[in-house]
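Here is the structure we will look at.
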Amino acid sequence: MSIKYVATSKLPTPWGVFAMHGFEDTESGKEHVALTFGTLSADEPVLGRIHSECLTGDALFSLRCDCGFQLQAAMQNIAETGSGFILYLRQEGRGIGLLNKIRAYELQDKGANTVEANEQLGFEADMRKYDMIKPILEQIGVKHVRLMTNNPRKVKAMKEFGIEVVERVPLQVGKNRYNEAYLKTKSTELGHMMSEYHFMDENK
């Protein structure tokens, strides 16, 4: 994989002004973004998140998943902490793409869960790759991470690429009546680390 740094600009948000760093995977043509806030230290643990693109959740306010809620919570947590990063990776639909994601949603509307829908379309449950994170983190100067995630695959990927995960910070937000079954499937079939408290909450 060849990751090329392209440019950096300011990104004003409701939580403060982030810096937006653009990267291109010259082999696949995919474009990725790193958001940074404050001053990042290579010597100290930095609060951060690896976030895969979710057009429906991040931009269209879908309640079928928790992605948009997690992105906003991560940005708010980083701003409140005073520094941090988000790697926004272009891996829509756990790597199957937007149109296939819509096809998977159609199958879910007919009763399949999120894993079954992917498999019925001929895909693995999760096809995301994380080999781009190392060169991006090197560019923004991060070596030690407090990682906001419920996904053990992201923790494993960080460690495999030589990035120290000092702490896993749970990010359990956004549960509602439309996504509760989806979240339970992520917990039971994809191994996401969610507490029973998250499912006992009756605020839907």
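A Cβ is built for glycine as well, from the same backbone N, Cα and C atoms used for every other residue.
Owing to the predicted nature of the structure, the values given are computational and were not obtained by experimental measurement.
Swiss-Prot annotates Arg49, Ile50, His51, Ser52, Glu53, Gln70, Glu92, Gly93, Arg94, Thr149, Lys154 as GTP-binding residues; of Thr26, Thr36, Thr114, the candidate listed for that same site is Thr114. A coil conformation is recorded for Asp126 (active site, proton acceptor) in the three-state DSSP classification, outside any helix or strand. Within 10 Å of its Cβ, the residue among the binding-site residues Cys54, Cys67 with the fewest other Cβ atoms is Cys67. Within 10 Å of Arg128 (active site, nucleophile), as judged by C-alpha distances, the binding-site residues found are Arg94; the full candidate list was His51, Cys65, Arg94, Thr149.
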